[in-house]
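Per TrEMBL, these features apply:
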DOMAIN    B:17-416  domain 'Amidase'
ACT_SITE  B:LYS30  active site, charge relay system
REGION    B:81-108  region 'Disordered'
ACT_SITE  B:SER105  active site, charge relay system
ACT_SITE  B:SER129  active site, acyl-ester intermediate
Amino acid sequence: MSEDAVDADAVHHVADLARVALTESEAERFEAQFGDILGYFDSLDEVPEIERESDLVNVMRPDEQRPSLNQDEALDNAAETEDGYFKGPRVS
Amino acid sequence: MSTEYNAFITETTIEPTSEGPLSGRTVAVKDNISTADVRTTCGSAMLEEYVPSYDATVVERLTAAGATIVGKANMDEFGMGGTTETSAFGPTENPRAPGRVAGGSSGGSAAAVAGGKADLALGTDTGGSIRNPAAFCGVVGLKPTYGLVSRYGLIAYANSLEQIGPIAPTVEETAMLLDVIAGPDENDATTHQNGTDADYAAAADGNVDGMTVGVLESLRDGADDRVVDAFDDAVAELEAQGATVVEIELDSIDHALAAYYVIAMSEASSNLARFDGVRYGVSGGYEGDWNEAFAMSREKGFGEEVKRRILLGTYALSAGYHEKYYKKAQDARAWVKQDFDAAFEKADVLASPTMPVLPPEIGDSLDDPLQLYQIDANTVPVNLANLPAISVPAGRADGSPVGVQLVGPAFDEHRLIRAASALE
């Protein structure tokens, strides 16, 4: 986007991908700001390829049943529930 | 403002569960750390009414150590900001520099301590969010080595970078609080065995005789002259107490900030996908299908900085741009880590101003996000390299506190605490 211009369509496209609706004034501000910010990120082009030594190790534990939230606790913060389930909007 | 300095989003009392080293002490806990039955908002309208059903591990450790939790501290929304002005609950004011920001994103935690509203506080630090407000408010703040403190119950923003850590009036009290929260946790597989019975508080003996302090020259040179003067005085003080001072250049450091923001925003775009208004979060009961209702709920619940970072993170991870931004940022991260490893062959601790600027006036710095991102330049390299760092007060400039940052090798918090205590 930094090499290409950041236009309103690009902002709306990425907002759709991220599932975030925007007001028109937000979209306008983002259009200008994203050009600046992504332009700044372009400095990463100067970073050499680095040989990475991974110091990561897998941490495993026995696969045993443990207590977790019960159904009521899991639903505590939901705006809408039905028969002990989350109730969401229609899928399509 | 609901509380003095607007330091707290929720004032409450969570009683200790037993006696311990923190008996009689009050603690403010940043509002992105889960407290059972006490709302935990992350400074966001999205979670204004969210009440966790369990405690974060650090909260259990605090109350088991005798602490009384007195409130959930104000913060930049989801930790995204450097001034605690992006909070949906209004900005926190700096108790030590009236009219100015407290710093961020743990601004409420630092202000609670600086203003005497809590003896101690917990903050979180993803790119400097403990050290920044500690410097601006004239208190001590420590970002632990990645893996030293459990993140279980911390509402994630950028989980490969962030750590919970202590804020306190003195280095010794900071270390004492670290002693309580550090150590492995079976609920967080990224925690390390280090930190068990470490006795960090004992390291606050002020003895820097024979220690080598490496000054990070480019970070010093990039700071406001008034900040540099206070910083130089602090370095001279360490020298007077027997430390040797050397200059250190890190070639990678100019690329750390861009790398940090690409990684943090990418992780944020993924972590914040859970806020859908169905399981928790604001739900408008909107018309439309899942995607439309989800997008409207997030439009309503998230503030502008959060949306900005989710969108930029989504962009950086999207097809065609992943190689250009995210992969390059990971290369820069590895480079920064190698540079720090090499620097610790020449110096025991590294020093720089914590913040390159003095605290701005409330409302002064919000308009240009890129400019605001740049105030994190001195603190983010440490998070990229997973190292520990501490900010300790170094006097004042033009009426505002100035902080010195000391950086140490991984899991050597003792060394940092020792050096920092020599500056008190």
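Note: Cβ is positioned from N, Cα and C throughout, glycine not excepted.
Nobody curates TrEMBL annotations by hand; they come from automatic prediction.
Taken residue by residue, the region 'Disordered' (B:81-108) breaks down under DSSP into 2 helix, 3 strand, 23 coil. Sequence-distant neighbours of the region 'Disordered' (B:81-108) (same chain, 6+ residues past either end, Cβ-Cβ under 8 Å): 1-2, 5-9, 28, 30-31, 41, 43-45, 48, 73-75, 114-116, 121, 123-126, 128-130, 132-138, 141, 167, 303-306, 355, 358-363, 365-366, 372-373, 375-376, 399-401. B:LYS30 (active site, charge relay system) carries a strand DSSP state (E or B).
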